[in-house]
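Working notes, structure below.
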Ligand SMILES: [Mg+2]
């Protein structure tokens, strides 16, 4: 039978073994989100390594797309192998990984082409700086930066690095008022770019618990493109026992810089199309023969729908079937986009279709 599809038509059907066989016959490439899909923290989703091993054995090309900016491609490749997901080692390690640290570096290389000695002020991790340096963009500002002086005049006279052409905001546990002030001063210089790695409002917790709330304003934000709407779901009222709240994510830091600089950032990560274009350029992808597998409707599935891919929601992470139904019933056109073609309880559900 032909694989049934939903998505734009508003259906989200369970990917049975029979449907999975039909779907996989029409697909060359599968792109996976990582947290909540392959693993939760340091624990692989049961059966997920076996499913990926079977997909590799069938000759499918795999790619891993993550909004996490605090790991290099090489570090992600090491984690994939350590948790049993395979992938190349040695010089080719990391070539399957498209994280926002690496893709931000590609974006800066593109936008700063021709600039003498391109340099960026980085509110982010050493991994983000390392990916920038690897493509020839000098990175300054990583690490703690305490307040200098005790007055606004002193804060505004702290020395700046010369020739900074971009401010990059990723996940930065050392984010501070001093850094925010410096970022704004760089952004006041003509032609200085403002780039955010992603707009995730929370970090995933190591034990796999998440807050399933979307970051208002994320939908439609794209690198180099116009800022999208601010239509997110309303915050849920707090009822019952409070759940542990994951730490604030990168989107909170990007918003702070945007607010202070009165500018919108170019966003690299999902659901921005730029991160898919990075994969597409390196893989030579045919969207119609490509699947995006993710656990979040507002990042993974929206990216897949926007880029014309087939989409599978796995229920091992953030989004639930209730969230899908809520999007289907919404009057908001942007939320109606956030509906997958198929869903599985776990990507281990692909195994029966791969075993004969
Ligand atoms: Mg995820």
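Any Cβ shown, glycine's included, is placed from N, Cα and C.
Any TrEMBL annotation is an automated prediction that lacks curation.
Under DSSP, residue 33 (active site, nucleophile) is assigned to coil, being neither helix nor strand in the three-state scheme. Counting Cβ atoms from all protein chains shown, residue 33 (active site, nucleophile) has 25 others lying within 10 Å of its own Cβ. If you look up TrEMBL, you'll see 33 marked as active site, nucleophile.
Residues annotated as active site, proton donor in TrEMBL: 35.
Under 8 Å, Cβ to Cβ, and six or more positions away along its own chain, residue 35 (active site, proton donor) finds 66, 68, 204, 295, 317. Sequence annotations record features per position, and here TrEMBL assigns Mg(2+) binding site to 33, 35, 295.
According to TrEMBL, the substrate binding site annotation covers 270. Less than 8 angstroms from the CB of residue 270 (substrate binding site) sit 33, 65, 67, 198, 294, 296, 299, 300, 302, 303, each of them six or more residues away in the same chain.
Residues or ranges marked as compositional bias 'Gly residues' in TrEMBL: 222-231.
Marked as compositional bias 'Low complexity' by TrEMBL: 232-242.
Positions annotated as region 'Disordered' by TrEMBL: 222-250.
Less than 6 Å separates the Cβ from ligand 1 in the case of 35, 295, drawn from the recorded positions 35, 270, 295 in sequence order. The number of other Cβ atoms within 10 Å of the Cβ belonging to residue 295 (Mg(2+) binding site), over all protein chains shown, comes to 28. Neighbours of the Mg(2+) site: apart from 33, 35, 295, residues of the same chain with C-beta atoms within 8 angstroms of the site's C-beta centroid are 34, 36, 37, 38, 66, 204, 294, 296, 300, 314, 317, 318.
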